[in-house]
Amino acid sequence: MIQQKFPATAKCFYVIDNFTKNLNQDFILSVSNEEEALQLYKQALFFSSNDNIYYFPSYDTIPYDHTSPNANIVSRRAETLTKLITNSKGKLLITHAANLLNKLPPKDFFSKYFLKLYPKIKFTMDELSMLLVENSFTRNTSSIDVGEFAVRGEIIDIILPGPKGYRINFSWDYIESIKEFDINTQISTKYCAELVISPANEIVLNSETIGNFKNNYLRNFGVNHTDNPLYEAVISGRKFAGYEQLLPLFYYSCSSLVDYLNNPICIFDNLSKQAILEFENSYNDFYLARSKANKLKVNNFYPTLSPTSLYFTASAITELLEQKNNILISYENSEQASLIGNISSISFIEKKTIFDKLFEIIKANFHKKIIICSSVLSSFERIKSIIQNYEYTFNEINKLDEAKASVINIGIIPLNQSFYTKEYLFITSSELLEEKTLYTNTNKKLKNILLELDNLKEGEFVVHKDHGIGQFLKLEAFKIQGKLHDFLKILYFGNDKLYVPVENIEVIKKYGSDNAELNKLGSVAWNKSKAKLKNRIKEISLHLIQIAAKRKLNISTPIELDLEAYDKFCANFPFSETEDQLTAINDIREDLTNGMLMDRLICGDVGFGKTEVAMRAVFMVAKSLNEYLPQVAVVVPTTILCSQHFSRFIERFKGFGLNIKQLSSVISSKEANIIRLELASGKINIIIGTHALLHKNTKFFNLKLLIIDEEQHFGVSQKEFLKSLKSSTHVLAMSATPIPRTLQMSMTGLKELSIIATPPLNRLEVRTSVMPFDPVIIRDALLREHFRGGRSFYVAPRIKDMEDIEKQLKQIVPELSYKIAHGKMTPSKIDEVMSEFYVGKFDILISTTIIESGIDIAEANTMIIHKADTLGLSQLYQLRGRIGRGKIRGYAYLTVASNKKITSHSLRRLEIIQNSCSLGSGFTIASHDADLRGFGNLIGEEQSGQIKEVGTELYQEMLEEQIALLKDDPIVLEQAFIPNINLGLSVFIPDSYVSDSALKIGLYRRIGNLSNEMEVEKFKDEMIDRFGLLPIEFNNLLDIVKIKLLCFKLNIENLDSGDDGFVIRFYKNADMTDKILKFVSRYSNQTKIKPNNKLVFIKKLVDKNIITEVNQLLWTLLEI
């Protein structure tokens, strides 16, 4: 065994140097934690131009887990194993040391199952579909997640690790093209010369592996377990949650990760050896815990393999590592001679002269290749600006071999600490700018978030503008003049049916509730209700506009920023701002400096950086140059959140000379009185408070900015007090799930809206399960969290439920400790319990919903919610947001009583929360909340009843129209009619093109929202890109939509065609006399004027020319 020493920060550089000098040799670099493995992999891609560098990730589940790992991780592991076995050249593999213990499929397995595709190769869609299913890919209606594929027309879309989307276009029996596409937008981005597809899982379900599973299952567990759902799923060729824990049963033998390389040299340190031993202890503990849990329930369908069946022993792996050719590394910070010569760390200590020190070092080392390594784009840009100010030349690089001498090279490289060698000097921006955690790129933009809301399901209540509330039954095709046409079938009172052509789908709106009374077709009751509500909406709209106008009339002195101090404050931010954060900050800056009062809502998920955005706003105002003693008030709903914000503000604003105080129930009456006096005199710059701040005795000296955090938690009287402040104060509201009233005002443009939808780097979605209470699953969940070193929340809706929960926990997990917190305890006692939970003095916090705001504990990542059906949608969402806030996956279990019948309303809430798992879905939740409860009375606070008359979507539309009317904005005004067009053509989306009914309805709804010809053409391009060439029936539909847009312009209410020409009927209130007379004069031999605003145009027509003919007719009418 060879031993080497060098600075820890140079580990990857050292490994790459070895790898580069021995290109035919395989290497494994094993490290002690997953984060380091991924970072070293990214560094290696920079340091080396060799493509044979691979990363093998660890599962994000625990040993003997009943849940499956993240699909991206599973696919990435399989992809890496495939590349290792199919690539004969020298390779470098980077991984967590514990992965060396994994038993993996035999090493020859992946060489049989990978696919290499390229344009012009002979391959049919059916052949590829069958092979993908056999390779553990899941066929779906649309491909969104890793390991999924979708068949659409002549196209197969597939999602591979990254995640990256690929679109394979077929022509008969060969592949025509392969393109990469954006998973969010589904739009192609570039062509690919070839595509290698590895199995999507380490377990491939085919006749051979299923046969092995049957035999090995019988050998290990003695019986077939034909009533076992896991067993039944596997022998049927279906995946089952957690079946990865039985991997050895699927193969005749297993290999280790080392076996996948050719006599590799293993590079490791003592921490790696320790990680191997710790993992062995961990999986042995989990085995004992799982065995104990299995005894609690008869016929548990997760049989438990022994540790030696699932893993290699630590002693065997350690012995392998210590063989003579392997390298044990240790670290020193002083200069060391090594294979790469003189490596040493650089330390920047004098922070006040950091950049002067930097350029002294650069001057002394200008004979070397100097590389400044930035972690993210924002710091990269900052460093670039600084270099320019010092008048140095710089060179932007992506790989080390692009570096030049006699210039400063800069690149985005994840390096932690500076170091130098004989040839290179590496300097990190993290030391220069004191950066810490990074953020990833934008995950979902506003457009995508809003598109998620646009769904319509069979059986849902809908509203027709003219006929009222009905129930959408299904899409149904009928023949009209011998041609198929898609219609929406709507059920009305008395079993009456209404069929709406899909090109007029915009007249159908979602009702937004599970409870509704069907209207009767032909009844005048609907129009009376609609007219009555329209008058009330007019009153509301007028009032809202007056409020908004009053605020705009209150001219505010533009805030003059202290730019030098503000730049310093921004530079102290320990993260890199996300794109959405920067957009929100710029929005606020514009609001504060434009001379009008700000009224803005920031909607962003928990942990997505709303607080920092608010702090920027606070700084802009509190340090403004043109205000005398400006004050900022931050209002929060709970004492816990108040304390948390106060601590963060004190730390963040340190050194800027601002006096910050908090006012809540933990503050004594005497101290509170002093704070109020200081507020009134202007001595306090920033006050953070709960409802204690909303007191009639609270007076401000010069309140310029009011920030309302978690605004959905404030009650009527509290908001009345806030209203009294708002008419002369800038207002910024923040929420993950805004109350429907605030959301409505934002969506109608009366309140400005900024959305932060960018998750932190490596944030994983919280896995959410809705289930009857099951003690075995609860025990498993709590022990899983305990054994991975974390803590758990157990939430009770009511204090009286806590006694039962305590009894259950004593029986289920007697080995774990717990404490209780609820609102009837004194604030000091709650603080004491919370402080102990923060530092990990006990395992489980049993609490009421008081934790839904203000709790941020990275180690607490499991939550059980008792009687979840009794909680509101936004409450459930906020509670779930307490977990999974770091880089560890969170697990939420929403339990319901097994013997209780759940109402359809409650069930809908639970379905929404379970399905809204994507990061940044708070806006979606708020909109669903509006669907369920209604936007309510926008002037007062009642959130029920009024919207019931017409439903959410139509109410929203009527309000927008009324506001537009009052503001003389004609853009969104309601059309007085909807053109009906009958050209005798087949009009529908064929099942062969889009087979999924829900997706098809979503596309129809999008078509209903197209408002001009350019939008139609863009939509058409998107469809061709996603699904292939348009079938004639779909093309007819889009052509008719364009014709319909022309009909709006010409006030044509009906357009019918026959063999001998067209019949046009104009809208009764439209004055088209001049146009008609001019047209008749020009085409006197072909036209006739009929009663009831009808115009007949005579011309022999054939199907293939009818679209062209009608377009010529309408454009002629338009241009006359």
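Just so you know, glycine gets a Cβ as well, placed from its N, Cα and C.
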Given ranges 441-444, 709-712, 789-792, 1057-1060, the stretch to which Swiss-Prot attaches the annotation motif 'DEEQ box': 709-712
Local confidence of the domain 'Helicase ATP-binding' (591-756) - pLDDT mean: 83
DSSP-derived class (H/G/I helix, E/B strand, else coil) of GLY609 (ATP binding site): coil
THR611 (ATP binding site): tally of other CB atoms within 10 A of its CB: 19
Among GLY604, GLY607, GLY609 [binding-site residues], residue with fewest other Cβ within 10 Å: GLY607
Surrounding CB atoms that lie within 10 Å of the CB of ASP605 (ATP binding site), all protein chains: 25
